[in-house]
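Reviewing the structure listed below.
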């Protein structure tokens, strides 16, 4: 089931061309001669002075600061091409599971986002009050989806959404954590028989991580109801469930002793209760563990835990039918940070993010996560009508960081354009002929470029093809024009053939169609 | 050269299914029976109460306001599908011309955007000062591109960028004017022989508008140097060039008399100078007009105007080679609002946006625009080093408004998913078999769905296919399982054939591949 390997994702490889890595110029690099000065209006005119003055007043007289905001980055062509292919692979999987796309604004009313993210609410970017509504940037795609469902009174829907979200988090860019980043979400809303949509979400994570060949991974699964049942039987008061949950969630980053002391110290829980919790949350396994807990004298008496365990058993049955239980771990330490989950929760982590070629491996942690949130839509409905939902979010930026480093380490070259042919000339004074020919090619749907020079040297034109990976050159010359042919040169082999002008489009198509 | 007609853009048509128009539920609409209550954690638990309290305090105790921010909108699946195809058509053209993709953050430092948009600077969305850098939402893709070039010291590049931009403008949503909207930009940066890249930008506009079959259109072309030359020979002081330019720009929306009185009244220009300008800016034509103005006793003495007219003549020569002068009008009233243009400017308008089927035609105005901005990159460079640029922006939202209304009027149905087959059962107790089969199909790359019910009725499963446009149903039953076959039903014709299980994937592929 290997639909997109890392090399396929990186596009066709080039024998030479722009390196993946720090941004470098791309496009007609060979014709840099200053053939004319820039127009005087922008040069010495009033506009330039006015604009400089304005920029100066904003920047306090300093020369302009050239950077992107903290925690954000530009994507140069090689990045953008790799990421487009990665996103396309994820979307292909979402479509394979019958999801429709929606889009919602990056801006939401502030009150839409408030009270949905617990402690993380402080990480929301707010817009300045410029008159009118108070706005904020979306923090995830889940709350806007719930708002969308409630606003349009939609009671069932299977949708995907690939878009940027914003968090004023402490960026850790080497680990792929940014303040602006893509989320790729797939969600199923509606009242259905238990665990069927939940199982499909896990199948999707499994498909995507397998397809991308990121190395071995495990998908941890738990249920908020089981966690809450554990807290209850351990004697935690109900009003401390959420805060206890956030602390348990740190178990993937710190050892139990530290989590324990935070619970006892900061959160003020009794040491006995906490030790009791410790016995549970360090458990992980499969169907056997579920059976064991269903027999647990205390837990089996708790209604929530029993429901959660029953559903977990059903989920494992479906995952067995899907043939993916080998990568699933029922893990009682998994808690997930966000407040809105109400049932099954899950998180995928890579087990071997290290790449042989990479000296300092990227540590990426979780690469996908999600769960069931049956209460969120009801929060937006004036009458509190519920729409149960379950969904998954693919951590595309972290995956991208891995692929990025892998490509860099392997010194692969990524083509950033898809140009099939460069229209060139061997002699001078043929610009008009080049423009006429390229126009014919464009009109026939051929991807074609021409150097923006009146009399480029043939060598420079060929070098441009080498640099940018263009496979063919269509050369016009006096003799070819007389004969009604175009000389077609294959860049890689230097083979040259004369092609009748009326057959050129077909010949280019034939020679550039993928095998 | 009709690569994407409006029907092709709207995707495959459906005999039945969700209407294009106001958002409606989509996806498994047939299995709505409440088979279980939502989980109690979200239902009566602490979380729900906490969250309600928080939402209440943000919203002043009212029930939550269910809306998107002013001037923004959600895109339900039918919109999103149509828009994805529209964007894909534009990107295809950009790639045909050899452009590479880049991406830049939605957030920019405020000082990056200040002093670039003249009077429109007030329309920039600013973020609240939450500590750290002062930020704003990008107003267009051009200034971030210039910032990107300067920051990375790139001196030549051909790039496209499709992304959302933000303007605190007065929204006119019926005319496709929003506060959040997509821009599709193609730009060529670098020092080249004159007018070759500029001509390619116009060719791109011509290709896209022709491909989309939006009806007849005209591309108005002018040059800021010609306009400034006109202002100079009419006796306008240099420090009033920009403000005069903004007023001339209104000529497409108001008659000359009103523009004249704004110039004399608000802008304080002399009536004689203004009347003199009036003689020029009401001119439009082709090569003949260029020749006429080159002979104009005053204008031909002005250095800027002469340069501009010389380049305009050259541009028309190249456009003749491209065969597109029929749609080009040299129009001296075209001024373009933005400050940063320094040379050629252009704007495409639809001549017949009305559609026969539509009672109230959408008035959309300009659907593409652009021009040369040789000074912008230099504003970001600490040493003021220039990188001449020319680019075009496609007004995708306005085009989308037209297509949207056209689809609505024609009552076409748009498929919002690509599902090839629904895995169904005719008898009860076959959920496990359905899940096993669909898992096989997904693993083979088939787009497949299953209803999330243990025992759905066959009729409901068939109805789901009718509603959502799924062409095939794979039916498992006791007998089929025994025989090692699957019954494949063609929804449109009701034809049913038994297919051996091992041939099913191939059979589905064959029956759903486009002709």
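Quick reminder: no glycine exception, Cβ is built from N, Cα and C everywhere.
Unlike curated records, TrEMBL annotations are generated automatically.
Lifted from TrEMBL, the feature list:
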type: REGION; residues: A:12-77; note: region 'Disordered'
type: COMPBIAS; residues: A:26-36; note: compositional bias 'Low complexity'
type: DOMAIN; residues: A:82-403; note: domain 'Aminoacyl-transfer RNA synthetases class-II family profile'
type: BINDING; residues: A:140, A:141, A:142, A:167, A:183, A:187, A:336, A:340, A:341; note: L-histidine binding site
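The binding residues for L-histidine are recorded as A:140, A:141, A:142, A:167, A:183, A:187, A:336, A:340, A:341; their greatest pairwise CA distance is 21 Å.
Secondary structure from DSSP puts residue A:140 (L-histidine binding site) in coil. Looking just at the domain 'Aminoacyl-transfer RNA synthetases class-II family profile' (A:82-403), the mean pLDDT is 92. Most buried of the binding-site residues A:142, A:183, judged by other Cβ atoms within 10 Å, is A:142. For residue A:336 (L-histidine binding site), the number of other Cβ atoms no farther than 10 Å from its own Cβ, over all displayed protein chains, is 22. By a simple count of nearby Cβ atoms, those within 10 Å, the most crowded of the binding-site residues A:140, A:341 is A:341. In the three-state DSSP reading, residue A:183 (L-histidine binding site) counts as strand. Secondary structure at residue A:336 (L-histidine binding site), taken from DSSP and collapsed to helix, strand or coil, is coil.
In the three-state DSSP classification, residue A:341 (L-histidine binding site) falls within coil.
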